[in-house]
Amino acid sequence: MLKIIMPTAMLIPLTWLSSNSTMWVNITMHSFIISLISLSLLNQPLDTGLNFSLLFFSDHLSTPLLILTTWLLPLMLMASQHHLSQESNTRKKSYITMLILLQLFLIMTFAATELILLYIMFEATLIPTMVIITRWGNQPERLNAGLYFLFYTLLGSIPLLITLVSIQNTLGTLNLLIAPYWTQHLPDSWSMNLLWLTCMMAFMVKMPLYGIHLWLPKAHVEAPIAGSMVLAAILLKLGGYGMMRITILLDPLTKSMAYPFLMLSLWGMVMTSSICLRQTDLKSLIAYSSVSHMALVIVAILIQTPWSFMGATALMIAHGLTSSLLFCLANSNYERVHSRTMILARGLQTLLPLMAAWWLLACLTNLALPPTINLIGELFIILASFSWSNYTILFMGFNMLLTASYTLYMLITTQRGKASHHAKTMKPSFTRENALMALHIIPLLLLSINPKIILGLMY
């Protein structure tokens, strides 16, 4: 694991020691090399996972998320270049340092063997994200968004520490490699039910569960492009990863406690998809669609079957790449139109035909068109939930209908129609932007050919 952590940490001195002209090229190329090195983690001959040391390990669940994390840093740097072009060099370097720190914390979160280390790193990701949103966001409302993000996440996750100490006292260990094989189970008392609730709440706020999702649209809309990308692609997946790790430890309790959250997720999935149909703000629409997709993942994790776990892992990776791609496309529109309102960006298909092709591909993956990896994840989850209860097909079917509706609404509003007058002086799409979109789409297409590498622990 150190072969990824050490080079990532060394990107920070590289940032500050690089000359201003070579800074972007240096860091982007080195971070690409790191992401290619991380692909070696896919070679796991044993089912038990690779135990590197007492602190870090990787298995079939954490490996895809680790690779997604390392893959996203060069893409964030490529997307941020125009946004930072007016800033001074010192500020550019501090921005890049924040992104590298965030990647470092995320790698250690996904690779942690001890739950306490996972908790510390889970909390540490809050600091760089908060700085990125409140310092480099576009509008003054970013301070409000940062506060929402901070308080929702902190209040959700502080009780988790107390719960972890309690589990340590009951089971005797918090090691993720040992704890699943421990014979002693947690007692089924009301206090343990409360502990289950505090454990899940920390991760459900991060997912986010419908009802405690209000920080997400604000944070997404106000964050700069790299902030939106990392929030949608990886920080939401922290919640899913934590839930998958902890529900296995709290096994007997999960079966009895999960019902209200399953109901809330199914309801929230339909509600947030309906909200998407009423959005005028492009980034807000993509943020609400993230809430809707993550509700599916919560349902899958709480059902606790091998199929649902496989579906949840596949959908998390697929959604990470798709939502990041949609935010990049929204940002490329924003840089030209200087507004997030969709109707102002209409008719772009005639002006930017190649960008319209990326839009079409992104929208088709978002609405889970066969044979994309998004469909494989959703299909697994729908089958697992249908075997759990037949009535879920009503929610799932309606949600798929709404997802297709709002995705096509987004595509038609931004691409079709008569171009507005101010669009005549618009810049053409840059090679940097086309490369950025291609680097999102190519992994999605490759994963559709070979999905088994991201189906997680149960495959």
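Using N, Cα and C of the backbone, Cβ positions are placed for all residues, glycine too.
As recorded in Swiss-Prot, the features of this protein are as follows:
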TRANSMEM  22-42  transmembrane segment
TRANSMEM  60-80  transmembrane segment
TRANSMEM  98-118  transmembrane segment
TRANSMEM  147-167  transmembrane segment
TRANSMEM  194-214  transmembrane segment
TRANSMEM  224-244  transmembrane segment
TRANSMEM  257-277  transmembrane segment
TRANSMEM  284-303  transmembrane segment
TRANSMEM  308-330  transmembrane segment
TRANSMEM  351-371  transmembrane segment
TRANSMEM  393-415  transmembrane segment
TRANSMEM  435-455  transmembrane segment
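The transmembrane segment (257-277) and the transmembrane segment (60-80) are not in contact, since fewer than 3 Cβ pairs between them lie under 8 Å (pairs 6 or more apart in sequence). For the transmembrane segment (22-42), the list of distant contacts is 3-4, 7-8, 11, 14-15, 50, 58, 63, 66-67, 70-71, 73-74, 77-78, 81, 89, 92-93, 96, 100, 453: same-chain residues at least six beyond its ends, Cβ to Cβ under 8 Å. Highlighted: of the candidate stretches 60-80, 98-118, 224-244, 60-80 has the greatest count of Cβ pairs under 8 Å to the transmembrane segment (435-455). Long-range neighbours of the transmembrane segment (393-415) within the same chain, counting only residues 6 or more positions beyond its ends whose Cβ lies under 8 Å from a Cβ of the stretch, are 266-267, 269-270, 273-274, 276-277, 279, 282, 285-286, 289, 292, 296, 333, 342-343, 345-349, 356, 359-360, 363, 366-368, 378, 381-382, 385-386. The transmembrane segment (60-80) shares more Cβ pairs under 8 Å with 98-118 than with any other stretch in the list 98-118, 147-167, 284-303, 351-371. Among the stretches 98-118, 147-167, 224-244, 351-371, the one making the largest number of Cβ pairs under 8 Å with the transmembrane segment (284-303) is 224-244. Remote same-chain partners of the transmembrane segment (98-118), defined as residues 6 or more beyond its termini with a Cβ less than 8 Å from a stretch Cβ, comprise 1, 4-5, 8-9, 11-12, 15, 27, 51-52, 54-58, 62, 65-66, 69-70, 72-73, 76-77, 80, 124-125, 127-129, 131-132, 164, 167, 174-177, 226, 230, 234-235, 238, 241-242, 245-246. Cβ atoms under 8 Å from those of the transmembrane segment (224-244) belong to residues 61-62, 65, 68-69, 72, 75-77, 79-80, 83, 95, 99, 102, 106, 109-110, 118, 122, 125, 129, 132-133, 136-138, 200, 202-208, 216, 283, 286-287, 290, 294, 297-298, 301, 309, 312-313, 316, 319-321, 323-324, 327-328, 331, 456-457 of the same chain, restricted to positions at least 6 beyond its ends.
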